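Asker: I have a structure I would like to understand better, so I am pasting it below and will then ask my questions one at a time.
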Amino acid sequence: MHAEFRTDRGRIRHHNEDNGGVFENKDNQPIVIVADGMGGHRAGDVASEMAVRLLSDAWKETTALLTAEEIETWLQKTIQEVNKEIVLYSESEMDLNGMGTTLVAAIMAQSQVVIANVGDSRGYLLQNHVLRQLTEDHSLVHELLRTGEISKEDAMNHPRKNILLRALGVEGKVEVDTFVVPFQTSDTLLLCSDGLTNMVPETEMEEILKSKRTLSEKADVFITKANSYGGEDNITVLLVERDLTQKGRDAS
């Protein structure tokens, strides 16, 4: 597996409240994670850092999970535990009350990948030269779009675009979506925060992923492109291919 992680403050925000990285368990099986924090006074930074640290620390203590079913069970259970820890910590510190974070994570299982998500950080897969979104945004605007109350054009500039219906750290229990999809040698997995998807159209994202650039160059281009369109939020990108082997690493 070859992975490239990038995170950038963007052109407007003073702090980077995104977090993420690539982490391995005891059998060198990787998990890839992106989290986008929310809350004032750097609380979002605390929430996203906690989510990534707690989930990756739990993963580092496991041995290889070989089936998609095992991985789904582990993700559901562990993300609930992570959520409870964030809630408890936010309740213990006045400055952190109301903090929360999105989360999207992926674990490889033989010829498949298992993805878990909460919030509006997304997972995409480029397969057979076609980019498709795997995750569903847990946001007010997505719900209005899904029910036909607004158009796709309305959604792009909706005043309540940042309202989430699900996030880690908000309530004692959180609903986690999980997906199992085929992941072949020629495929590319993209995990990202909304600082990318709110800035760069999916048609351009697809063209970048289909290009002849290296995976590292593609990750850099995503950051540059989002900033060139305004860089209104923190931008985080994690790209994964399975045809190369690279030692896992973490970043924040």
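Cβ atoms here come from the backbone N, Cα and C positions, even for glycine.
Sequence annotations record features per position, and here Swiss-Prot assigns Mn(2+) 1 binding site to ASP36, GLY37 based on similarity to another entry. Feature annotation from Swiss-Prot assigns Mn(2+) 2 binding site to ASP36, ASP194, ASP233; the stated evidence is similarity to another entry. Under the heading compositional bias 'Basic and acidic residues', Swiss-Prot lists 1-18. Per Swiss-Prot, domain 'PPM-type phosphatase' is recorded for 2-242, and the stated evidence type is sequence analysis. The region 'Disordered' feature in Swiss-Prot is assigned to 1-23.
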Asker: Taking the centroid of the Cβ atoms of ASP36, ASP194, ASP233 as the Mn(2+) 2 site, which other residues of that chain lie with their Cβ within 8 Å of it, listed in sequence order?
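Answerer: Counting only non-site residues, the set is ASP18, THR102, ASP120, SER121, SER193, GLY195, LEU196, THR197, ASN198, ASN234, ILE235, THR236.
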Asker: Counting across all protein chains shown, how many other Cβ atoms sit within 10 Å of the Cβ of GLY37 (Mn(2+) 1 binding site)?
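Answerer: Looking across every protein chain shown, the total is 30.
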Asker: For ASP36 (Mn(2+) 1 binding site), what is the secondary structure by DSSP, using just helix, strand and coil?
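Answerer: Where ASP36 (Mn(2+) 1 binding site) sits, the three-state DSSP reduction gives strand.
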Asker: Taking every protein chain shown into account, which of the binding-site residues ASP36, ASP194, ASP233 has the largest tally of Cβ atoms within 10 Å of its Cβ?
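Answerer: Output for this query is ASP36.
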Asker: If you average the pLDDT over the domain 'PPM-type phosphatase' (2-242), what number do you get?
Answerer: 94
Asker: If I take the alpha carbons of ASP36 (Mn(2+) 1 binding site) and ASP194 (Mn(2+) 2 binding site), what is the distance between them in whole Å?
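Answerer: It is 8 Å, counting Cα to Cα.
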Asker: Could you round the CA separation between ASP233 (Mn(2+) 2 binding site) and GLY37 (Mn(2+) 1 binding site) to a whole angstrom and send it over?
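Answerer: About 11 Å separates the two Cα atoms.
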